[in-house]
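Here's what TrEMBL has on this protein:
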ACT_SITE  Glu266  active site, proton donor
ACT_SITE  Asp399  active site
ACT_SITE  Glu508  active site, proton donor
ACT_SITE  Glu533  active site
BINDING   Thr619  Ca(2+) binding site
DISULFID  Cys462-Cys494  disulfide bond
TRANSMEM  37-57  transmembrane segment
Amino acid sequence: MTTPALLPLSGRRIPPLNLGPPSFPHHRATLRLSEKFILLLILSAFITLCFGAFFFLPDSSKHKRFDLGLEDVLIPHVDASKGAKNPGVFLIHGPDEHRHREEEERLRNKIRADHEKALEEAKEKLKKSREEIRAEIQTEKNKVVQEMKAKEKKPLPPVPIPNLIGINGGDPEDNDIRKKREKIKEMMKHAWDNYRIYGWGHNELRPIARKGHSTNIFGSSQMGATIVDALDTLYIMGLHDEFRDGQKWIEDNLDFSVNSEVSVFEVNIRFIGGLLAAYYLSGEEIFKIKAVQLAEKLLPAFNTPTGIPWAMVNLKSGVGRNWGWASAGSSILAEFGTLHMEFVHLSYLTGDPVYYKKVMHIRKLLQKMDRPNGLYPNYLNPRTGRWGQYHTSVGGLGDSFYEYLLKAWLMSDKTDHEARKMYDDAIEAIEKHLIKKSRGGLTFIGEWKNGHLEKKMGHLACFAGGMFALGADGSRTDKAGHYLELGAEIARTCHESYDRTALKLGPESFKFDGAVEAVAVRQAEKYYILRPEVIETYWYLWRFTHDPRYRQWGWEAALAIEKYCRVSGGFSGVKDVYSSTPTHDDVQQSFFLAETLKYLYLLFSSDDLLPLDHWVFNTEAHPLPVLHLANTTLSGNPAVR
């Protein structure tokens with residue numbers, strides 16, 4: 001479930017800095033001397049400042065915020081004693097205090113010596129000519145670049161790979177179903193081949209204009225989002241030549257050291273999720289390496305007073321900020337709450353607990369907070385740790401937070417009981433306050449805004465039918481049948497939103513006011529941008545019930561996409577699903593290849609392809625393996641503990 005960008009793409013460019021030697025036509029010797037004197041003063045002041053900071057800066061250990069005791073993370077292939085927090089408290093007194101003072105004096109003497117040494121080195125530097133200084137600077141820069149390249153190529157530690165089951169195959173026995181599956185594969189080929197011709201390396205494709213396309217969620221760089229997003233779909237469809245083309249582009253071109261501001265959420269679910277899935281399916285190390293490189297670039301986004309990450313981060317500078325439209329500078333629940341799956345796998349694959357600790361910190365903070373009516377508001381201020389506007393939604397802004405609570409439990413081989421409890425508590429509050437039945441008998445999920453329920457449901461919220469079905473097993477007080485039925489009711493409502501349009505494709509959102517049910521009212525809500533959520537719910541319900549209506553409904557959607565969205569240069573969204581002569585938006589979204597076509601392909605495949613007791617799909621439909629008992633990194637696992 002991918003939230004659309006709400007901000008215009010910035011066209012601002014930063015002019016390149018002129019790093020060439022300055023021109024000094026006159027008084028060259030005099031200027032050189034004054035420059036050296038100024039440089040000496042600057043160096044001296046800087047070193048003095050560093051020297052003084054040692055004595056006057058406060059002890060940072062006294063100012064830790066939200067110390068949640070997560071330092072000792074249980075990861076099987078990591079030595080927990082290294083860098084672990086000592087639970088004991090040591091009081092310094094008597095002889096120990098004397099030794100402590102001696103140690104402080106030794107450190108002061110060392111700093112003084114280092115200070116004097118640095119001053120001497122600065123004086124020696126100033127005796128050299130401008131050309132010699134420039135040459136030394138360039139040498140140092142080259143050295144740093146080489147060290148960074150060496151670090152990037154450093155192999156990651158070997159880890160036990162989970163037992164991977166069902167990564168290919170899935171051929172259905174029924175000939176009619178097999179033909180439908182082949183048609184979905186042909187649609188994938190059409191989408192990929194045209195992107196390969198007209199948009200290769202760009203983030204997305206404009207299939208009518210036949211050129212590349214991008215939005216501000218990917219920043220200003222060509223990061224090949226469609227390539228990364230589509231890899232696992234290509235692999236499970238057996239399109240291995242196309243998969244290798246994508247792999248080659250990633251090896252040669254995918255670079256994260258760019259001056260570009262990206263959405264942490266979107267880059268995590270599409271890029272890190274896509275790269276990790278491609279790694280697990282193919283075993284190719286390059287995907288794991290690239291995923292880790294990108295994850296390191298996202299970590300500065302967590303440098304906030306609360307540890308709740310910024311919505312956006314500059315991949316080069318590490319500077320983060322939030323969307324300007326988000327309630328009083330808040331972070332968004334569905335964004336900072338949709339990192340857990342990918343970050344747990346990153347810690348598992350690297351042996352570095354930092355990723356796990358970041359997402360567990362978010363969870364612990366949320367557990368401490370009051371929730372109005374048991375509901376999680378969509379906005380949380382990362383500076384103050386307070387909720388923003390009281391707006392709760394299972395659609396955009398909130399959706400995948402709830403999904404990832406359930407999937408954290410599933411991914412841990414059902415041992416992360418903390419995540420399961422948070423999911424159950426949240427779903428009970430949602431069912432009590434947000435889920436209603438219309439006059440016509442349609443079950444829908446409304447949105448809570450400032451104390452009242454808005455009777456509107458978004459296409460994004462249609463994923464919840466699949467989520468309820470997926471979470472039915474393991475629910476409280478033997479309510480598995482109830483939640484499976486609730487999922488089926490949501491699927492029926494979302495199918496009605498498709499069936500009540502001219503194109504048999506669903507609108508972006510639809511109302512339940514008076515005589516209007518499951519129909520969009522405002523023009524701005526009548527578009528379809530190749531979204532996957534309804535088909536996703538069909539697939540989950542097919543897997544759990546094998547009711548043929550879900551394959552029938554999925555095939556209806558596939559035919560409508562083929563008829564109204566297919567153009568010669570790929571597939572495009574449409575602006576009005578109620579018009580029999582639709583206008584195209586000329587965008588082939590990357591999630592169309594990652595999610596919509598993948599879920600359709602799986603819907604017409606047998607259940608042994610990516611079985612749900614071995615794989616958990618992230619919110620961009622990238623399959624990640626369940627970390628069974630011996631491998632799990634999550635708390636609550638008695639075998640590891």
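Glycine is treated like the rest: Cβ placed from N, Cα and C.
Bear in mind that TrEMBL entries carry predicted annotations, made automatically and left uncurated.
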Report summary line: Among Cys494, Glu508, Thr619, i.e. the recorded positions, the one with its Cα nearest that of Glu266 (active site, proton donor) is Thr619
Query raised in the report: Based on Cα coordinates, which of the following recorded positions are within 10 Å of Glu533 (active site): Asp399, Cys462, Glu508?
Result: Cys462
Report summary line: Whole-Å Cα distance, Thr619 (Ca(2+) binding site) to Asp399 (active site), is 9
Query raised in the report: At the Cα level, what's the spacing in Å between Asp399 (active site) and Glu508 (active site, proton donor), rounded?
Result: 15
Query raised in the report: Taking the Cβ of Cys462 (disulfide bond) as centre, how many other Cβ atoms lie within 10 Å?
Result: 32
Query raised in the report: Just the number: how many Å between the Cα atoms of Glu508 (active site, proton donor) and Cys494 (disulfide bond)?
Result: 11
